[in-house]
Amino acid sequence: MVSRYRPVTKTITHYAANACLLPICQLHGAAITTVEGIGSTKTRVHPVQERIAKAHGSQCGFCTPGMVMSMYALLRNTPQPSMDDIAEALAGNLCRCTGYRPIIDGCRTFCQVQSSSIQHEAAITISSISSTDYCWNSLFDKDQFQPLDPTQELIFPPELILTSQTPRPEPLTFQGERMTWVSPGSMDQLVQLRSRHPGAPLVMGNTNIGPDIKFKGIIHPLIISPTRVTELFETTQTPEGVWVGAGSSLSEVRTLLENLVPQYPPEKTELFRALIKQLGNLGSQQIRNVASLGGNIVSAYPNSDLNPVLAAGRCKLSVVSSGGKREVPLNQDFFVNFGKTILKPHEIVVSVFIPFTRKGEFVGAFRQAPRKESSFATVTTGMRVFFSEGSRVVQDISIYYGGMGPTTVSAVKTCAAIWDDETLGRAYEVLLEELVLPPSAPGGKVEFRRSLTLSLLFKFNLEVLHKLRHMYSFTKNVNNLNKHEQPEMNKNKSGMEKKKIIISQTPLPQSVSQEQNSQDPVGRPIMHRSALSQATGEAVYCDDLPRTDGELFLALVTSSRAHAKIIQLDVSEALKVPGVVDVITAKDIPGRKVRTMCGYDEELLAGSEVSCIGQMVCGVVADTRAHAKRGAAAVKISYEDLPEPIFTIEEAIEKSSFFEPRRRIERGNVTEAFKSVDQIYEGEHRMGGQEHFYMETQSMLVVPVGEEREFNIYVSTQWPAATQEAVAQTLGIPSNRVTCHVKRMGGAFGGKVTKTSILASVTSVAVTNRPVRCILERGEDMLITGGRHPVVGKYKVGFMNDGRIIAADIQFYTNAGNTIDESVLILLHMDNAYNIPHLRGSGAACRTNLPSNTAFRGFGVPQSLMFVENMITDVSMVLGLPADKIREINMYRGPSVTHYKYQFNPENLLRCWDQCKAKSTFSSRRTAVDQFNQQNQWKKRGMSIIPIKYGIAFGEGFLNQAAALVHIYKDGSVLVTHGGTEMGQGIHTKVQQVASRELHIPTSKVYISETGTNTVPNTCPSAASFGTDANGMAVKNACQTLYQRLEPIRKKNPKGLWESWVTAAFFEKISLSATGFHRGPDLYMDWEAMEGQPYAYFTYGACFSEVELDCLSGDYRTLRTDIVVDIGRSVNPSVDIGQVEGAFMQGLGLYTLEELKFSPSGLLYTRGPSQYKIPAVCDVPLSFNVYLLPDSYNPHAIYSSKGIGEPVVFLGSSVFYAIKDAVAAARSQSGLAGPFPLDSPATADKACLASASHFTQKVRVGGSVGRWAGLWVGL
């Protein structure tokens, strides 16, 4: 949080900001508060830290400090915030673990007053439980939270107030290694500097220049920061409008306009309100707090949110230079080219004039973006129309678009068409002709963007008609608008219907028997054991480890070609960079130069040939990260391109480029069964990949011990033993010389299993006698490490007219990338919850020249299940029957056998399904949705309910083993070590509960420090939702051994305390240390016989979701989600519910939002949060309810629990199918029926185009827009 004293107003302002964008030299005179500064577990935890932690809002914890500080800054300004305030404050924060619900639950406790509607929606619903159990009313007790006392907050340093009150006009200069930063103290100094250095950028918020420096390596020898020039922050009101200082932050501009709106008649503030709407969605609160109005304008981004509105609103700029002052209108002549304006290099924007509007003048602002908040817009627009007072004549009109060319563009011809014609019909024709995008236009989505120009103009038309109806008496034509043409005026910032953030507090059917000892923590909602440390910033992650003397940093050099021979690797220039120590290549690897997976070798560093862009070629070792990156940029690689690189699955199929083996499985006789069915349908579905986007990127520190070639490796990995083995083989030393330490990970999701071991191996090669650290940047991580496999599925399904599916043949093709890695074949889950008598599946992993994909939460299951559900949806559309009925008809019932001959009982699957329908009031909501769709033309609602049957554990039996080591010390404290790694899933918390129960001691006496290969050897990966199952049993085994050893002592002194028993045992020479081991189930799959038992048991669930879709823009909002999941008897309900919610939101991202894009040459375009959008707070269902299935038992896992980390990812597809249901309703309105393609993810452009509105059809076929053109003149 940044705090500044304002001498003019004598006030102190507090605001949250992104630390990575905030230059230290810009903070002169500011007070900075970090998460460590507001509270500590060693002194006093701040209420914000406490509530987020105790509300279970911290899992991996890497995002928690940011959440805390965003909320803290809000409370410093608004001690009693509303839910809207909270949602806005958190909009710029991302979390990959929790699903946001517990974070919001913790923050909402600061809301002192809630509206009755929110209270009603947030009512807790308790699912039915047996009479032997009792239920907690909440996952936490807010009455136990310490109160927020604003008087106890840190004061602003008085010395900074005194400094601010004493003007210091002299420039401040900061000299760096390659850049100089100058902060002038007056306007004259600024003009002189600009005159002498016209090419030097002016930096106010650093939101433009900062990313260029950080990610593009752009160097500016001189940077001018005029943050101390008071003229740039002045505001002046005139009778015509308001002059706003160009240096004002966007947040300040928004506040100014919000304060002005109530002071003037509504007809004078049309432009103000349009700007407020657009400002509310521009970036995030943290960005708006620092980004300046002037900087936003002169950056001249083609998809700018503000420039179209400012231009349409007749705004102008006041600029100054050494030649004097002048005013420059913001119009079509202002924007010259991409990032270029008509301003001269030495000119400085001082202020921006925002005029009042006139009676009869209307201004509209619209945008569409990949995500509703904190996302660059796809298309933006500002529109203004002025009618002669009391007349039906359009006197003036201006329309500007962003995202439709290299600059903000004016639709001049379209305006003329509207001026002259009676209707908008001709205007739409002209608009399509005027704003032309070539098929290869940057940003893609050409059809969608062109259709948006029409639909956004139509929205503005409806808005104006609505306003005119209330303003004038000549309403004949306006009143003739039917209900389908009426605009929805109750909008939020994204243009969708305004709704409060209403997130139902999750119910907890707590499976704790009344007979259970009150000190027994198993089954209770215990807070994550590290939550408070994570909330206070005390939790240590890999890159938090302090630098040691002589430590070096490794920066990787990756291939820029997808398929080429390396002709020359020139490192000479890199070695000349100051601080560079060495460059590591494949020749420097002393041991094995490859890692072998499934019979295929993967090079650690490319030797003679590269097979994808992003393949590691060498590494530069330097004394600092900055020097290493400079050195990496100086490495020159000469290539000779090889012919015909393969990028797509279709290309791989055509060229038979596959990894072996290819699998096939069949039950029954599919070919014969097709002959006896009533109907046959063939379909295809495409599903994109997904980036892990763990908050902590790949991180490692390799430290030489100093003797006998021994190394300590501090690494963020799910599989320490694999990293240990890989490093040992790479260095040519025994594994006993390598110790891997894993304290915790900031998320992993499968992405830190195999990839981390390769990166650690490369890093270890760089180690001589000095430690080497390697921390990937986000863009590097996304480029190098791959993600979830994209899949193309083709299916042929035979079914009866009553909906029974008799036969299905499904072919799966995954894009594995350039190496096999963990390219799982996804045939075992292809049945999902359905008993299809004749079922055949085949799978192939395609070898392409893209970065290798790898394991991801769900490990192929979210892909395979998607295809069977899409197939069932198509069957329902062919038959004209509800999809839920088709699902019910075909579900497993009674004692069942899968297509691989595994016997199971689907009773709990059916119970989940039935309870989900009941909890969601499915039938009544179906009726309501149908009624809504009949009454609304441009918005449609859709709903779906999806089941899941998910197999738990590793199909390779040897991976299901686990070990543990438990020490009891003489003071009675217990140290537990096991083979599982903590990545936010709460395994350490659950293991602590296990040890507490088995040793009959409080959890406070049990400590888990880290996972280390020196304490528990030969560990298996923490994956497959089997971590607690295996490691919990191993810890249980060790603790039972120790407790049995203490039995003679307990018998001698039955009333003694735990500490006395331990002390007595020590003096009687009883070992207080024990290992534990769990063999795990012997699972297998015989692909020749097409049968096996690849899973220990199934986790079941069902999910209902309802969405509202804006057919004109493709934007959607999830109105409600109800999940019922069978997790047996939960060891820790708060942890498990957190896993359910986090998995669901990750699945929602997979199926509706997250989209990886590659260039034609195989370069990943989406390499960061600005291009790749994971779900944010704005994507959480408005009503989000999770229910744990009661009276469920599982004899195959510890304490009758079930693994839950992965299964619910697929239930995010319920949102996809709800969108598809809404799209089907829109298509039906256009006379289109039957199956239609909608690939995953169902992003806004896909949903909009699939809806087949009159506008999208016009863009595609050039037809007439029809009667929806609306009216301008003739009112």
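Using N, Cα and C of the backbone, Cβ positions are placed for all residues, glycine too.
Pulled from TrEMBL, these are the features on record:
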- E1206: active site, proton acceptor (ACT_SITE)
- C20: [2Fe-2S] cluster 1 binding site (BINDING)
- C60, C63, C95, C97: [2Fe-2S] cluster 2 binding site (BINDING)
- 202-209, 292-296, D305, R367: FAD binding site (BINDING)
- Q718, F749, R857, A1024: Mo-molybdopterin binding site (BINDING)
- F859: substrate binding site (BINDING)
- 174-359: domain 'FAD-binding PCMH-type' (DOMAIN)
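Here the features listed in TrEMBL are painted onto the structure.
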| residue | record | Cβ within 10 Å |
| --- | --- | --- |
| C63 | [2Fe-2S] cluster 2 binding site | 24 |
| C95 | [2Fe-2S] cluster 2 binding site | 28 |
| C97 | [2Fe-2S] cluster 2 binding site | 31 |
| N208 | FAD binding site | 19 |
| G294 | FAD binding site | 24 |
| N296 | FAD binding site | 28 |
| R367 | FAD binding site | 30 |
| F749 | Mo-molybdopterin binding site | 32 |
| R857 | Mo-molybdopterin binding site | 26 |
| E1206 | active site, proton acceptor | 27 |
8 Å Cβ shell about C60, C63, C95, C97 centroid, [2Fe-2S] cluster 2 site members excluded: S58, Q59, G61, F62, T64, R96, T98, M695, G746, G747, G984, G1142
Candidate with sparsest Cβ neighbourhood (10 Å radius) among C20, C60, M204, the listed binding-site residues: C20
Most Cβ neighbours inside 10 Å, all chains, among the binding-site residues L202, A1024: A1024
Residue from C95, L202, N206, G294, N296 whose C-alpha is spatially nearest that of F749 (Mo-molybdopterin binding site), among the binding-site residues: C95
Averaged pLDDT score, the domain 'FAD-binding PCMH-type' (174-359): 95
Near-site residues: Mo-molybdopterin, ref Q718, F749, R857, A1024, CB cutoff 8 A to centroid: A748, G750, G751, V753, A855, F856, F859, M983, P1021, S1022, A1023, G1205, E1206
Cα distance (Å, whole number) from N206 (FAD binding site) to C95 ([2Fe-2S] cluster 2 binding site): 24
Nearest of the binding-site residues (C60, C63, M204, N206, N208) to A1024 (Mo-molybdopterin binding site), judged by Cα-Cα distance: C60
Largest separation between Cα atoms (Å) of residues that the record links to Mo-molybdopterin, namely Q718, F749, R857, A1024: 12
Integer Å distance between the CA atoms belonging to the residue listed as 'substrate binding site' and S292 (FAD binding site): 44
Cα-to-Cα gap, L202 (FAD binding site) vs the residue listed as '[2Fe-2S] cluster 1 binding site', nearest whole Å: 18
C60, C97, N206, R367, E1206 screened against F859 (substrate binding site), Cα within 10 Å - retained recorded positions: E1206
Tertiary neighbours of N206 (FAD binding site) (same chain, Cβ under 8 Å, six or more apart): L21, L22, P23, Q26, V290
F859 (substrate binding site) CB neighbourhood, other CB atoms within 10 A: 23
In sequence order, the binding-site residues (C60, C97, R857) whose C-alpha falls within 10 A of E1206 (active site, proton acceptor): R857
Q718 (Mo-molybdopterin binding site) to C60 ([2Fe-2S] cluster 2 binding site) - Cα separation in whole Å: 13
R367 (FAD binding site) and C97 ([2Fe-2S] cluster 2 binding site), distance between Cα atoms, whole Å: 29
